[in-house]
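Below: the structure, in structure tokens.
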Amino acid sequence: MRKAATDEIAPDEGDGPRREGDGAPGASGGPPAGAQGDPRPSGPSGRGAGPAAKTARARSGIARRREALTGLAFVAPMLLLFIVFRFGPTLGAAFLSVTDYRLSGEWTFIGAGNYTRLLGDDLFWESLGVTVVYTALYVPMTVALALGTAVLLHRTLWMRGFFRGLFFLPYVTSIVLAAVIWKWIYEVQDGLLNASLGLLGAGPVDFLGSDSLVLPSIAAASAWKGFGYSMLILLAGLQSIPREVTEAATIDGASGWQRFRWVTLPLLRPVLFFVLVIEAILGFQVFDAMYVMTAGGPVRASYSLVYFLYDSGFKFFDFGYASAVGLVLFLIVLVFSLVQRRLIGRDAD
């Protein structure tokens with residue numbers, strides 16, 4: 001049986017000797033493709049695979065371009081809004097600031113005339129000083145209130161969501177409504193604060209009519225209105241601190257204040273810098289609260305830089321001069337933004 005199987009698979013002798021070129025398909029009298037002496041490479045990178053590879057690369061490029069166009073389509077509406085309502089007005093203000101543009105539409109190019117006029121305008125320097133003092137009061141109040149409530153919410157588990165929403169509620173309240181509420185609280189005769197002071201035996205205090213009290217009073221009202229945003233940012237920063245770090249400090253015998261001072265604050269520093277700069281920028285842009293609560297008084301004690309810009313443009317219709325004030329304010333905000341970027345980048349390194 002073993003011999004019969006061998007006979008079955010043996011080649012037919014009648015076929016004769018195998019000639020050169022016969023045999024496996026593809027043999028043509030020379031070495032196969034890819035063998036020594038054939039310059040053509042074999043495999044996927046060979047000449048035969050070229051069209052397929054080019055097609056794959058073309059399809060990949062088309063897919064990338066399609067993906068980029070899809071992303072651009074999603075970003076385009078917001079980008080268009082930014083150009084129209086942010087970048088466009090900034091360029092327009094830069095142009096108007098070097099002209100004497102008036103309400104009539106007539107204008108003349110005056111170069112740096114408006115900026116030279118600003119340097120000699122006492123009212124500009126007075127409003128800038130008021131803005132600096134207000135910001136110096138507003139920022140510590142807001143950050144302290146935001147940090148205190150963030151720490152309280154971070155440590156307290158009972159009804160955390162409710163209190164977080166409650167503390168954030170003033171931030172989503174209209175600034176005009178908040179200013180009206182606080183103006184009523186500060187009223188000399190019927191105000192809630194003076195009524196409370198009367199129960200303690202103290203006389204009424206004119207918070208909004210006093211040169212020395214008006215800015216702290218407005219800053220306190222603005223801090224109440226705006227601390228909710230910073231609170232959420234700081235709360236997120238606190239929650240990102242590893243629990244193991246504070247637990248290790250507790251095991252080492254650190255008190256609650258020591259843990260906060262030497263562990264929490266250093267780790268929270270980048271977030272704290274971000275909040276400080278954001279609140280400083282908002283402080284320099286104050287207008288609504290002063291306009292509603294005091295109208296810039298008493299005797300321009302609450303006359304901010306934006307209030308000066310508003311009067312220049314919409315009271316005296318000196319749009320070129322108002323645009324120059326706006327560009328100065330823009331440069332101040334830009335400096336704060338660059339400082340923030342540098343500090344946060346240094347902490348990240």
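Placed from the backbone N, Cα and C atoms, the Cβ positions cover glycine too.
Annotation comment: TrEMBL describes 1-59 as region 'Disordered'.
Taken from TrEMBL, the feature compositional bias 'Gly residues' covers 23-32.
Residues or ranges marked as compositional bias 'Low complexity' in TrEMBL: 33-44.
The transmembrane segment annotation in TrEMBL covers 68-88 (among others).
What TrEMBL lists as domain 'ABC transmembrane type-1' is 128-340.
According to TrEMBL, the transmembrane segment annotation covers 132-153 (among others).
Annotation source TrEMBL lists transmembrane segment at 165-185 (among others).
Annotation source TrEMBL lists transmembrane segment at 213-235 (among others). If one looks beyond the transmembrane segment (213-235) by at least 6 residues along the same chain, the residues whose Cβ comes under 8 Å of a Cβ in the stretch are 130, 133-134, 137-138, 141-143, 145-147, 149-150, 153-154, 164, 167-173, 175, 178-179, 182, 186, 205-207, 268, 271-272, 274-275, 278-279, 282, 286, 289-290, 293-294, 297-298, 301-302.
The annotation transmembrane segment is assigned in TrEMBL to 267-287 (among others).
Here the transmembrane segment (319-339) has long-range neighbours at 90, 92-103, 107, 110, 114-115, 117-118, 124, 277, 280-281, 284-285, 305-306, 308-310, 312-313, meaning same-chain residues at least 6 beyond its ends whose C-beta is under 8 angstroms from one of its own. Taken from TrEMBL, the feature transmembrane segment applies to 319-339 (among others).
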